[in-house]
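A.B. asks: Dropping a structure here in structure tokens format, bear with me for questions.
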């Protein structure tokens, strides 16, 4: 089974229909019948679809990474691909947040909006964060991980627990070790390799079936409930902020990803975006890179022709450490909050924002809303009040949808670039 163009069209129609219906329902969101419909129809449909995908995330990632490592074969070659992947992600993330900050400085979305700092949203967010911090202290945990903790936590003490908690970095690390072990043992474990290959075929069949029969209605449910809750009303007061984030996301997609596909992979950007459209629409509706991963892998392998060993290694890694869309939000939000606070950030402070955002993106879970936790870290690093996040909270759910579509597109672009470069390298050796 293969995700085809007519399926993409169905998902897009469902997405647009969800926006229209949700926006209309938002006008009557206080009515009891709207609340009932939103909770028991839209939300149920959307969450069932999400659960169907999340059900497959860990097994798909684990099996894909193992097969990806075994497919590459040479651990040195694997290390080379890993470094190229990491380099691509870090460079594009730095470009993303730099572009976002430049656009925010040009359009000045926060100028003349100082009164927003005294809003109830800011006070409410500050109170909620204090309660979370107190709860974390009582449990002996931390809301934010330090860089050394992130490195230590790469290695799972209990791989099964890591899988049950969907700790993707630990699952990926464990899968890499299994793959390297299988390479070392060679023919002795050929039956195990066959088992993994057959398991992968089963999982991809289920993914395609879910897309075929549930994706349109699931997309409608997710988008309808998101717009019923948020609507376009929240955009009015923060219209310029909303516009700058969307503009930065669009330019990053076209210039950075399109440029990478055109000049590094030597393929058509139109071909890339058309082939990856099904995954982008699911990413938009789910707001989760991890949830979209099974569909992203399917699109990259079937529609874009990326070899399984490349796609299976690059994209799961990207779902965890590549957050360009989130970095764009952080860049615009930091300048926006600085402007409403009457603070002129220095060049060094802006460099700090870029560095912190790039580092923070490593190890961040690909789930809805995680960008706000990262943003709090960025704001604190330059002396801005993280409670101001409450101002943008109302429209963040809508922007989170667009950010996710950008995040997963970056993962796929990297996979295509590395796949094409590897093919070019192989062609030179043969010649």
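Backbone N, Cα and C atoms are what each Cβ position is placed from, and that goes for glycine too.
Grabbed the feature section from TrEMBL, which reads as follows:
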- 7-28: transmembrane segment (TRANSMEM)
- 48-73: transmembrane segment (TRANSMEM)
- 85-107: transmembrane segment (TRANSMEM)
- 168-190: transmembrane segment (TRANSMEM)
- 202-227: transmembrane segment (TRANSMEM)
- 239-265: transmembrane segment (TRANSMEM)
- 345-366: transmembrane segment (TRANSMEM)
- 372-395: transmembrane segment (TRANSMEM)
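Tell me about the surroundings of these features in the structure.
C.D. replies: For the transmembrane segment (7-28), the residues of the chain that approach it from at least six positions outside its boundaries are 34, 37-38, 42, 211-212, 215-217, 219-233, 277-278, 281-282, 284-285, judged by C-beta separation under 8 angstroms.
Among residues of the same chain six or more beyond the transmembrane segment (48-73), those with a C-beta under 8 A of the stretch's C-beta atoms are 81, 163, 166, 168, 171-172, 174-176, 178-180, 182-183, 193, 196-197, 199-200, 203, 206-207, 210, 214-215, 217-219, 221-222, 282, 286, 288, 290-295, 297, 307-313, 315-316, 319.
Taking Cβ pairs closer than 8 Å, the transmembrane segment (85-107) reaches residues 240, 243-245, 247-248, 251-252, 256-257, 260, 313-314, 317-318, 321-325, 327-332, 334-336, 339, 350, 353-354, 357-358, 361, 410, 414, 417-418 in its own chain, all 6 or more past its ends.
When Cβ-Cβ distances below 8 Å are used as the criterion, the transmembrane segment (239-265) is approached by residues 88, 92, 95-96, 99-100, 103-104, 107-110, 272-273, 324-325, 328-329, 331-333, 336, 392, 395, 398-399, 402-403, 406, 409-410, 413-414, 416-417, 419-421 of the same chain, each at least six residues removed from its ends.
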A.B. asks: If we skip the immediate neighbours and take only residues 6+ beyond the ends of the transmembrane segment (202-227), which ones have a Cβ under 8 Å from one of its Cβ atoms?
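C.D. replies: That would be 1-3, 7, 10-11, 13-15, 17-19, 21-23, 25-26, 38, 41-50, 52-53, 56, 59-60, 63, 278, 281-282, 284-287, 294-295, 297-298, 397-398, 401.
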